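Positions annotated as active site, charge relay system by Swiss-Prot: CYS235, ASP328, HIS362. Swiss-Prot lists LYS40, LYS346, LYS350, LYS409 with the feature N6-succinyllysine. Look at Swiss-Prot and you will find SER125, SER418 tagged as phosphoserine, backed by a large-scale study or a structure entry.
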Amino acid sequence: MAKLTAVPLSALVDEPVHIRVTGLTPFQVVCLQASLKDDKGNLFNSQAFYRASEVGEVDLERDSSLGGDYMGVHPMGLFWSMKPEKLLTRLVKRDVMNRPHKVHIKLCHPYFPVEGKVISSSLDSLILERWYVAPGVTRIHVKEGRIRGALFLPPGEGPFPGVIDLFGGAGGLFEFRASLLASHGFATLALAYWGYDDLPSRLEKVDLEYFEEGVEFLLRHPKVLGPGVGILSVCIGAEIGLSMAINLKQITATVLINGPNFVSSNPHVYRGKVFQPTPCSEEFVTTNALGLVEFYRTFEETADKDSKYCFPIEKAHGHFLFVVGEDDKNLNSKVHAKQAIAQLMKSGKKNWTLLSYPGAGHLIEPPYSPLCSASRMPFVIPSINWGGEVIPHAAAQEHSWKEIQKFLKQHLNPGFNSQL
């Protein structure tokens, strides 16, 4: 009798799962399916076909998928190859504290669609819990002064290295990365800056003094290890993160995921100074064959050619980790990172590391997250192409997440000796 097993049944989302099947007939072909519903009820699913060994077993750590949503030996392929049933939907975990993703794994006979319906009998099934928060992590709702967000603290007395987590142009408050970082020992502030609570409904300017308040708030907490803090940032959040690293002396480690090295669209304001956006070439905004907008060429005639538009990154005192998806269709991230590095090198600085991933897109998330290659965005019509190829993007997410943690611990905790 066929038996499906997975170890562990409950784990953090960035932890691998070992999936095996036993009790099959020799060389039997079976289908493995995975599905989950997000907090809004949107369905995501994947499937892969496997041939059993001569002893009737399938082991995803050893055996190659014959087809389906991926091919080859990929132990976590059922997770990162999931696709949304509703097109242009990004998998975002909103309730990180109380509910895990429940992933249904189903073992069944190979099936053939009949009149649009899937005809397949189940041989076995199980449910996995995938958490964004480890036991003992606490969440504190933050509404202090102008600051709005959520602070996640690891279990224990601390003090812990402090990190500010910044997302990009979607607005609102994203907590899933901060809660996961806290699960790995970082006191992490998920900081909203527009489209949340009583913050502005649209991002019209970047007030760096607001983010400075966020830094000071974090450093005041008794469980946060000073004297500096780190930044984990993506897209427009990375633009802000870079600006913070240059202007705020408390920033000692900055992770920039697919961000520009210049002011892209909204002016930055700090202590009376205004940093104006870089001119863009709207004629280079393109729409691909699927009707998705691509912005990555819009600064070809300005920032990509002339360093006068670039942030003076050489003035920063901290360290930088650039994470680049070379198939990013939203920003020319590889060019922007190389420009910033060239400025640092010209000033004789070696305070940078570059991770550049061929085939990875714009939205580089924690490990095993499904690739979101396109989605809807507030105030942007039509939808945006983020880029990325499924398998190399998944590899980039797994590798970069480990490197991000190493980098932050190295530069925020002087006594850290990498064991990752």
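Keep in mind that glycine also has a Cβ here, set from the backbone N, Cα and C atoms.
Features per Swiss-Prot, on structure.
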| residue | record | DSSP class |
| --- | --- | --- |
| LYS40 | N6-succinyllysine | coil |
| SER125 | phosphoserine | strand |
| CYS235 | active site, charge relay system | coil |
| ASP328 | active site, charge relay system | coil |
| LYS346 | N6-succinyllysine | helix |
| HIS362 | active site, charge relay system | coil |
| LYS409 | N6-succinyllysine | helix |
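Considering only the recorded positions LYS40, CYS235, ASP328, HIS362, LYS409, the residue whose Cα is spatially closest to the Cα of LYS350 (N6-succinyllysine) is LYS409. Here the Cα atom of SER125 (phosphoserine) is found 24 Å from that of LYS40 (N6-succinyllysine). For LYS409 (N6-succinyllysine), the spatially nearest entry among the recorded positions LYS40, CYS235, ASP328, LYS346 is CYS235, judged by CA separation. Comparing Cα positions, HIS362 (active site, charge relay system) lies closest to CYS235 out of the recorded positions LYS40, CYS235, LYS346. Distance between Cα atoms for ASP328 (active site, charge relay system) and CYS235 (active site, charge relay system): 11 Å, as a whole number.
When the recorded positions LYS40, LYS346, LYS350, HIS362, LYS409 are scored by other C-beta atoms within 10 Å, HIS362 scores highest. Note: the CA-CA distance between LYS346 (N6-succinyllysine) and CYS235 (active site, charge relay system) rounds to 25 Å. Long-range neighbours of CYS235 (active site, charge relay system) (same chain, six or more residues apart, CB within less than 8 Å of its CB): PHE167, GLY168, GLY169, ILE257, ASN258, GLY259, ASN330, LEU331, HIS362. Ranking the recorded positions SER125, ASP328 by other CB atoms within 10 A of the CB puts SER125 at the bottom.
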